[in-house]
Amino acid sequence: MAQNIHDHRILILDFGSQYTQLIARRVREIGVYCEIKAFDITDDELNEFNPKGIILAGGPESVTQLGGPRAPEGLFDRGIPVLGICYGMQTMAEQLGGRVASSEKREFGYAQVKVRAKGPLLADITDHLTPAGDSLLDVWMSHGDKVVAMPEGFELLASTESAPIAAMQDLSRNLYGVQFHPEVTHTLQGKRILEHFVLTISGCEALWTPAKIVDDAVRQIREQVGSDKVLLGLSGGVDSSVTAALLHKAIGDQLTCVFVDNGLLRLHEGDQVMDMFASNMGVKVIRVDAEDLFLSKLKGVNDPEQKRKIIGNTFIDVFDDEAANIKDVNWLAQGTIYPDVIESAASKTGKAHVIKSHHNVGGLPETMKMKLVEPLRELFKDEVRKIGLELGLPYDMVYRHPFPGPGLGVRILGEVKKEYADILRRADAIFLEELHRADLYHKTSQAFAVFLPVKSVGVVGDARRYEYVIAIRAVETVDFMTARWARLPYELLETVSNRIINEISGVSRVTYDISSKPPATIEWE
């Protein structure tokens with residue numbers, strides 16, 4: 001029998017760092033399953049999870065303050081290898097009898113650490129050598145406190161000028177701490193450091209691969225739903241598309257997809273979804289044309305948050321009505337992914353702050369007495385894409401730019417009208433077509449057009465035109481937490497502008513959005 005791909009696993013304890021999910025993604029990239037849990041995990045939860053290694057992530061608090069988060073009591077006495085990163089190293093030091101103090105000189109950004117001792121964590125890793133032959137590593141720091149005295153049993157592993165104890169180790173107990181962040185790309189050898197901890201020190205095998213993930217998911221789906229029928233709301237987005245392909249591989253005709261065309265999709269998107277899933281893959285897809293219903297509900301509504309809620313609730317109503325017509329369905333499938341699970345858990349602690357409400361089915365309506373199947377709930381977005389390719393979905397579908405759940409409803413500023421949606425659909429298609437032609441689509445992280453409900457004077461021939469304005473936006477980002485506007489060639493922008501104005505009746509002006517995030521968000525609403 002094949003080995004369970006979850007058998008070799010790493011536990012990441014979250015102390016509130018913005019980088020915690022990045023650590024998990026790096027561990028998964030190494031080929032090892034991991035999960036993020038809150039720092040105050042119980043003994044029973046720890047025993048049940050049974051990790052081969054534990055990583056203590058960073059956090060915004062100070063170890064020097066009373067009442068700050070700490071690792072669970074007895075964690076370091078379990079005989080399980082532990083790696084503390086930044087705050088994780090500091091709380092390890094403090095809890096084991098060392099000392100942490102505020103730095104006179106804070107370290108934020110690039111630093112060079114000198115390796116001071118031999119050990120498996122930094123073995124054979126170097127970026128530069130000193131004249132004396134000592135190893136130097138280029139790393140990324142982000143800390144205001146520092147360890148000033150190591151606990152008993154630890155030795156100095158690395159140092160910088162402003163952090164004399166930049167890394168430490170207790171080889172007898174397999175405890176390691178690094179003040180820098182190996183999970184970020186600025187730490188050049190960060191992936192190798194994490195590999196050493198995960199594979200060498202913790203003894204994990206790299207079982208977490210796309211092919212094995214698909215096989216495991218198919219097995220789990222079959223075990224979970226048996227011979228029951230499953231219903232999925234198919235949007236055409238990456239998550240729902242991969243969910244559909246995975247379910248279809250697992251249970252075939254037991255799956256029925258409902259595709260709600262709300263009139264707020266991209267140009268020809270509805271037909272493309274039907275061609276891909278119904279025609280090419282043989283998936284049962286029911287297409288519901290609900291454009292008139294959505295537009296009538298949105299009439300006169302200007303507030304973006306209200307628009308999001310109306311679109312989300314109307315989707316549930318339409319989906320609910322359609323589901324009622326399908327007999328003997330026991331399961332509802334959703335494309336929930338791991339960051340959704342983490343954020344949902346964070347919101348229950350009361351520490352999350354909603355900037356925009358995120359559109360999803362968002363749970364089962366009371367009237368739908370179905371059980372939930374979420375085959376992607378363990379996966380990060382980059383893993384979902386790899387699974388999509390493994391399942392045979394086209395590259396352009398799997399790696400298409402993000403599209404908001406409410407669709408063009410939040411790319412039309414103010415009230416949504418059919419006229420506006422038709423104009424925007426065509427403008428957006430022209431922009432993306434030209435990006436593809438210039439081989440720049442996959443070099444930008446997200447690109448789209450926005451409809452501005454203001455009119456501007458233009459001139460065509462001898463005639464004045466008083467027509468609408470289209471804004472185009474393209475950004476580059478690693479994590480969508482921050483983003484810079486894409487420096488697209490002027491010639492490309494000129495072509496896009498000329499085509500939109502000449503080919504679309506009703507547009508007299510095109511602008512390019514050069515706002516970065518922060519302070520602006522990527523989407524306009």
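The backbone N, Cα and C atoms fix where each Cβ goes, glycine too.
Copied from Swiss-Prot, the annotated features are:
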DOMAIN    9-207  domain 'Glutamine amidotransferase type-1'
ACT_SITE  CYS86  active site, nucleophile
ACT_SITE  HIS181  active site
ACT_SITE  GLU183  active site
DOMAIN    208-400  domain 'GMPS ATP-PPase'
BINDING   SER235, GLY236, GLY237, VAL238, ASP239, SER240, SER241  ATP binding site
Candidate with sparsest Cβ neighbourhood (10 Å radius) among GLU183, ASP239, the listed recorded positions: ASP239
Binding-site residues listed as GLY236, GLY237, least Cβ neighbours within 10 Å: GLY237
Spatially closest candidate among CYS86, HIS181, GLU183, the listed active-site residues, to GLY237 (ATP binding site) (Cα to Cα): GLU183
Mapped DSSP class for HIS181 (active site), helix or strand or coil: coil
Chain-internal residues, separated by at least six, CB under 8 A from SER241 (ATP binding site): LEU234, VAL273, MET276, PHE277, GLY388, LEU393, MET397, VAL398
Cβ-centroid neighbourhood (8 Å) of the ATP site, SER235, GLY236, GLY237, VAL238, ASP239, SER240, SER241 excluded: LEU234, VAL242, THR243, GLY335
Predicted model, mean pLDDT over the domain 'GMPS ATP-PPase' (208-400): 87
Residues that sit under 8 angstroms from VAL238 (ATP binding site) by C-beta distance, when 6+ apart in the chain: LYS381, VAL384, ARG385, GLY388, MET397, VAL398, ARG400
Distance, SER235 (ATP binding site) to HIS181 (active site) (CA atoms, angstrom): 37
Under 8 Å by Cβ from CYS86 (active site, nucleophile), same chain, sequence gap 6 or more: SER17, ALA57, GLY58, GLY59, SER142, HIS143, VAL178, GLN179, PHE180, HIS181
Cβ-Cβ distance under 8 Å to SER240 (ATP binding site), same chain, at least six residues away: LEU232, GLY233, LEU234, GLY335
